[in-house]
Structure formats: C-alpha cells, structure tokens
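One structure is given below, encoded as structure tokens.
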Amino acid sequence: MVTIVLGSQWGDEGKGKITDYLSQDATLCCRSAGGHNAGHTIVHDSVTYDFHILPSGLVSPKCINLIGAGTVVHIPSFFKELSALADKGLVDVDSRVFISDRAHVCFDLHSVVDGLEEAKLGGRKVGTTGKGIGPCYSDKASRRGVRVGEILDEEVFERKLRNLESGYRSRFGELAYDVEDEINRFKEYRQKLKPYIVDQLSFLQKYKNDDRILVEGANALMLDLDHGTYPFVTSSSTGLGGAIQGLSLNPTKIKNIIGVVKAYTTRVGSGPFPTEQLNEFGEKLQVAGREFGVTTGRKRRCGWFDLVLCRYSLAVNHYTALNLTKLDILDDFDEIKVAVAYTLPDGTRLEDSYPADPNLIEKLEVEYITLPGWKTNTMGLTKYEDLPENAQKYVEYIERGLDGVPIKWIGTGPAREHLIIR
C-alpha cells in the first residue's frame, strides 16, 4: 500500500508534520521531486528538526528513506543536513537514507545562474529560493544535466560539469564561479557518497509487497510546472503525477492521497494570490502563524482560505483525505473569511476552476463568505469534540466545500502530538 502526502496550496502547509506522524508506521519514506528549495520543520520530543532535501521519515528510527529519480540533489546540502540531524540525536541517519542514481545533481553553478536569471527578469522575477533548482531542471530537460550516478565516474563527471560551465559562460559572460573548485570538492564527496547511491527500481522491488510506503511531496500543487500559477512556479511536477513519475510507482498500489491544506493561505515569492490580505488581517496571520520560510527566511504572504483554489487542487490530485493544519492560528479572529468564487472581468463566475493566465488572476474579484470566529484557545487539543462549536463549523464548511472529502487530521500546534484525528 502506498500513501502519498501532497501540498494543496502554494507550499508551507505543514506536510512534514503529517509525514512525520505517518512515518511511524512506514517501512519506507520517499521524496519524489524537488530539491533543497523545499523546507519544513518537525517538532518531536521538544526537538526541532529542519528538513530540505532529506525525507522526514528519518525522524522515525525504523524508517528507511529514499530520494527519488525525480529530485535534484545539492550534495553539500545533503551531507550538511544529515550531519545536523545526527547532531540532534537522530539515530543511524547515515544508514537509513539512499539516493537514486537517476536523480540529477544541483551544483553551486546552478545557484549562480539562478541569481543571474532572476536579475534579468527584473520586476517580473519569479521569486525563486535562489538554490539553483530551475537551472538544474532546465539542464535535465535539455539533456545536458549530470546524474548522481555519474559522480562515481570521475572522467565523465568532470567533462560534463566543465561543459555546463562553458555553456553558461558563453551565455552570461563572466561568472562568479570557479568550476575547478567545485570539481575538487567532488573529489572528496565521490567515495563518501558511494554507499548512498542505489538503482531505484531494484531498490523499490524489495518493497513491492510491503503495505507501508509513504511518499512525501515537496512544494505544492499551485507551484506545479504544469498545473500551478505558471510561470510563478517551481520547475518540477509537484502533484500526484510527479509522485508517480519520480518514483516509478505502480498506480494500482496507491491507497491514500492526502492533501495538506492550511486553515488560511500563504505564499512565498512572486505571483498571483487572489485572497492575499495586505492589511492588518494579513499581518496578524503572518505574526500569529510565524510565517517565515524555512529555506529562505522570507516573510510569507498571507490571506484567507481559498475554496476555489483548493477545489481546483482536489480536481488535479484526487485527494482521498485531507489534513487541515494550523487551525489554532485563527483562534483570535472575530470573523474569518473564506473565498467561495471568483468573478472575471467579463462577468464569468468561477467556483471550481482556476484561470491559467496570471494576468487574468490579478484582475478577478473574489467573493467571500464570512464565518464567526471562536475566540478560544485551541492549541494542543487532540479531540474533535473539544473544539469550540464555531471551529467545528469552520472545519465542516471547508469539508463540504471540497466535495465531502474527509478532513481526517486537524493540526492544533507545531508538535507531533498537537493533532486531532477524526
């Protein structure tokens, strides 16, 4: 049995927490796409762990972890993150994580190019994390990228990296980058990395009859290269299709597709955001929710819950259950708004589809309903019946608005135990 956890909005929904909870019973936890641009925090036994490229199943001592073929891996960050987890007391992290030999290598070169490309876009920049993810995926699509398995072949690796550097230097001129310096650093990584590299397909065959495989999505559906608010998206497939493709999953083995939705909406970086609140409500959400990016430290843009967006996300990803997170952040609001429809400039009303044109999204009007707040502390609650009546009504309104897909888990705080299971 395969369970897939996916972000339903623009990321930062709290996927790591439910993944951490579910990984307690998982044999294998996998990352299918993305790189160290992703970021989430897990609080376990009062210890805070920050994850970027590593699967958060590492917090569970019996869980094996795989970084799949659809990912891009910055090797220095991989080792730095492993070391940080070990320093915080996680056991056997070195022996419980593996990387597909088909994953692509994200170089420091890609980070340099990322910054140059963003600078050229000026006022229409995407707002990337600056980690080089886009240029790395671009090299992959152009068939000039370097795969993790190729690191082990010194001659091939060095030739391909020099060719990459030469191509970018022809395009941009002088680069603040020394290719020989990066090549020399990989001389140190080569043997160190070897035990982690596996043939993904044969590796997964060992688990084909196991009913406890957990897939941890990165980013979220609205950042998907095909289905998100293009071009203000990441460079990988962040939805259900990307999970299947990046890990060569058997679709018939998928039992659960869990959509993680924050009780309000946030976004990092540029791009349209219909329910964004550039006022005291947005600021209050930002402060109460501690909305700062784990990867970049940037303030997240904040706004009301968007049913239109989440209906679209549901239609693409086919969620079988939902995890509503950070409900407690709304505790101090007198009233809470939910977006239920958009009106386009020509008068067309949309309830369950999302415009492809970002310029059109910027011009639409949002229709809200207003629900009463509950003005009661819900942090740390673990029983649904203990929620204030208005908090229950809020949960059930969202559930009805999303075709009755059950909200099985409700987050009421940052720790693993701050969770209501319905």
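Cβ atoms are placed via backbone N, Cα and C, with glycine included.
Since this is a predicted model, take the numbers as computed values, not measurements.
Database features, via Swiss-Prot:
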BINDING   11-17, 39-41, Arg300, 326-328, 411-413  GTP binding site
BINDING   Asp12, Gly39  Mg(2+) binding site
BINDING   Asp12, Glu13, Gly14, Lys15, Asn37, Ala38, Gly39, His40, Thr129, Arg143, Asn219, Thr234, Arg298  IMP binding site
ACT_SITE  Asp12  active site, proton acceptor
ACT_SITE  His40  active site, proton donor
BINDING   Val294, Thr295, Thr296, Gly297, Arg298, Lys299, Arg300  substrate binding site
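Taking every pair among Asp12, Glu13, Gly14, Lys15, Asn37, Ala38, Gly39, His40, Thr129, Arg143, Asn219, Thr234, Arg298, the residues recorded as binding IMP, the greatest CA to CA distance is 34 Å.
Arg298 (IMP binding site) and Gly11 (GTP binding site) are 14 Å apart (CA-CA, integer value).
Closest in space to His40 (active site, proton donor), of the binding-site residues given as Asp12, Gly297, Arg300, Leu327, Thr412, is Asp12, taking the CA atom of each residue. When the binding-site residues Asp12, Thr129, Asn219, Gly297, Arg300 are compared by Cα distance to Leu327 (GTP binding site), the shortest distance belongs to Asp12.
Within its own chain, Arg298 (IMP binding site) has Val268, Gly269, Phe292 as residues 6 or more apart in sequence whose C-beta sits under 8 angstroms from its own. The number of other CB atoms found within 10 A of the CB of His40 (active site, proton donor), across every protein chain shown, is 23. Long-range Cβ neighbours of Thr412 (GTP binding site) (same chain, at least 6 residues apart, Cβ-Cβ under 8 Å): Leu327, Asp328, Thr378, Met379, Gly380, Leu381, Thr382, His418, Leu419, Ile420. When the alpha carbons of Gly39 (Mg(2+) binding site) and Asn219 (IMP binding site) are compared, the span between them is 8 angstrom. Fewest other C-beta atoms within 10 angstroms, among the binding-site residues Asn37, Thr41, Thr129, Asn219, are seen around Thr41. In the three-state DSSP assignment, the secondary structure recorded for Gly11 (GTP binding site) is coil. The 10 Å shell around the Cβ of Gly14 (GTP binding site) contains 22 further Cβ atoms across the protein chains shown.
Lys299 (substrate binding site) counts 14 other C-beta atoms within 10 Å of its own C-beta, drawing on all protein chains shown.
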